[in-house]
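Notes for the one structure printed next.
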Amino acid sequence: MQKTKMIFTVGPASETEEIVTAFIKAGMNASRHNFSHGDHAEHGGRIALVKKVRAKLNKPVAICLDTKGPEIRTGDFNPSKLELQKGSKFTIVCGEEIVGDATKCSISYKDLYKDVKPGNTILIDDGLVGLTVEAIEGTNVICTVANTGLVGSHKGVNVPNVSIQLPAMTEKDKSDLIFGCKEEIDMVSASFIRKPEDVLAIRKVLNENGGENIQIFSKIENQEGVDNIDAIIEVSDGIMVARGDMGVEIPIQRVPLIQKMIIKKCNAVGKPVITATQMLDSMMRNPRPTRAEASDIANAIFDGTDAIMLSGESANGSYPIEAVTTMAKIAQEAENEINYDKFLAERKGNEKKNTSDVISLGTCTAAADLEASAIITATQTGSTARTVSKYRPKAPVIAVTPSEKVARKLAMSWGVHPIISDKFGSTDELISTSVDKALEAGYVQKGDLVVVAAGVPTNVSGTTNMLKVQVVE
């Protein structure tokens, strides 16, 4: 059973029942819907499709809304694409909307002139063209073109190592989040999170619109987010290492080191972490990945990522089904080489010694020493399963829960396989029901030895305090 979770973006290349079915059968744990593109009607149709197929296949697939976030873009150019020459002067006009040409353009963020100073770098279209700030004249930013390249209408603008005073949540984001609450999504991947207050602002909108149970995965995409990573992790349900904008905002050679650092910090506190962007980028165009891409996926898993993600590969690429099946094969092969004893020893060193952690660690240690077929967790809120997952056991973690929403909240937790059950009564009923459900689902067989972890009393969340070893009958 694959332990690494997978999140695939559903888009124009994959919005059919046949392809979504193939995605779920390949192991999709969450569908991602990118609100940087498309309108509510378009996304509503795709969300409805995923809900239909997951019900048909009886799989607890989560639905993730990815916000557009506070991005900066160029205005219109005439012609819509043109070349800037290295060494030429170029002016960014902040005070008004103008039609751009080879000497000037306007941008969507009108206060840029307040944030930058001479010597700063401005990057256009994922860094394809660099501008060096020479002077600020009124609301105009006077630049020199650092390299010859193409610019065009509505291209992304990045300003590395500059704290941009954009609001963390735009009006569009707020509208999209409210739409997500109505659609009963399970998680938000929040773009361009720079500080914990950004996460709390999103949480406030969700709470005010019936989305209290929606998880927030903060996307770390710039230096400010990296600098505030500990505080951001604390207020987030999980983290996404969003390597696209990160690779523009931060020197590219530092991205792998930051990825490892963020994964390690999330592992230490037991919060899920997703590694994303360009994992199989060449499969947008080709039916087979590059060797480097295969290594990238495997190494993210060896680093300790809970989940891996496809963006354009599954949303807009020419080979969406091949991309998802390739990702699954690479993940499964990598998992065969994981040193689970080493993972467990490392987690033990990070132990905070509260009751839930001690019982969960004991559960994983017992499962390893006894070579148990599975760890079965009975959980009302998902807390027990998440804490056990933190210790990366070799045995699969079967999370038995009476809540469909909780089952989907576990979509990004490494190694956790949720099963829906009836509500639990007594402690004995909780244990027997959980084991029976795991047997019924085919995760264990009669005669298997399993380790059961749960919280008693059953109706109190976050109280993992019981461990039992038993043989399946």
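In case you wondered, yes, glycine gets a Cβ from its N, Cα and C as well.
As written in Swiss-Prot, here are the features:
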- Arg32, Gly244, Asp245, Thr277: substrate binding site (BINDING)
- Asn34, Phe35, Ser36, His37, Arg73, Lys155: ATP binding site (BINDING)
- Asn34, Ser36, Asp66, Thr67: K(+) binding site (BINDING)
- Lys219: site 'Transition state stabilizer' (SITE)
- Glu221, Asp245: Mg(2+) binding site (BINDING)
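This view paints the features noted in Swiss-Prot onto the structure.
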{"residue": "Asn34", "record": "ATP binding site", "Cβ within 10 Å": "21"}
{"residue": "Phe35", "record": "ATP binding site", "Cβ within 10 Å": "24"}
{"residue": "Ser36", "record": "ATP binding site", "Cβ within 10 Å": "13"}
{"residue": "His37", "record": "ATP binding site", "Cβ within 10 Å": "14"}
{"residue": "Asp66", "record": "K(+) binding site", "Cβ within 10 Å": "26"}
{"residue": "Thr67", "record": "K(+) binding site", "Cβ within 10 Å": "25"}
{"residue": "Lys219", "record": "site 'Transition state stabilizer'", "Cβ within 10 Å": "27"}
{"residue": "Glu221", "record": "Mg(2+) binding site", "Cβ within 10 Å": "27"}
{"residue": "Asp245", "record": "substrate binding site", "Cβ within 10 Å": "22"}
{"residue": "Thr277", "record": "substrate binding site", "Cβ within 10 Å": "20"}
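In the three-state DSSP assignment, the secondary structure recorded for Arg32 (substrate binding site) is strand.
A Cα-Cα distance of 16 Å separates Arg73 (ATP binding site) from Thr67 (K(+) binding site). Most Cβ neighbours within 10 Å, among the binding-site residues Arg32, Arg73, Lys155: Arg32 holds that distinction in the structure as shown.
Residue pair Asn34 (ATP binding site) / Thr277 (substrate binding site) shows a Cα separation of 13 Å. For His37 (ATP binding site), the nearest of the recorded positions by C-alpha distance turns out to be Thr67; the candidates were Thr67, Lys219, Glu221, Gly244, Thr277. Considering only the recorded positions Phe35, Thr67, Lys155, Lys219, the residue whose Cα is spatially closest to the Cα of Gly244 (substrate binding site) is Lys219. Highlighted in sequence order, His33, Phe35, His37, Leu65, Lys68, Gly69, Ser189, Ser191 have their Cβ within 8 Å of the centre of the Cβ atoms of Asn34, Ser36, Asp66, Thr67, the residues recorded for K(+), and are not part of that set. Take the Cα of Arg32 (substrate binding site) and measure to each of the recorded positions Asp66, Lys155, Lys219, Glu221: the nearest one is Asp66. DSSP assigns Asp66 (K(+) binding site) to a strand. Within 10 Å of the C-beta atom of Gly244 (substrate binding site) sit 17 other C-beta atoms, taking all shown protein chains into account. Among the binding-site residues Phe35, Ser36, Lys155, Asp245, Thr277, the ones whose Cα sits within 10 Å of the Cα of Asp66 (K(+) binding site) are Phe35, Ser36.
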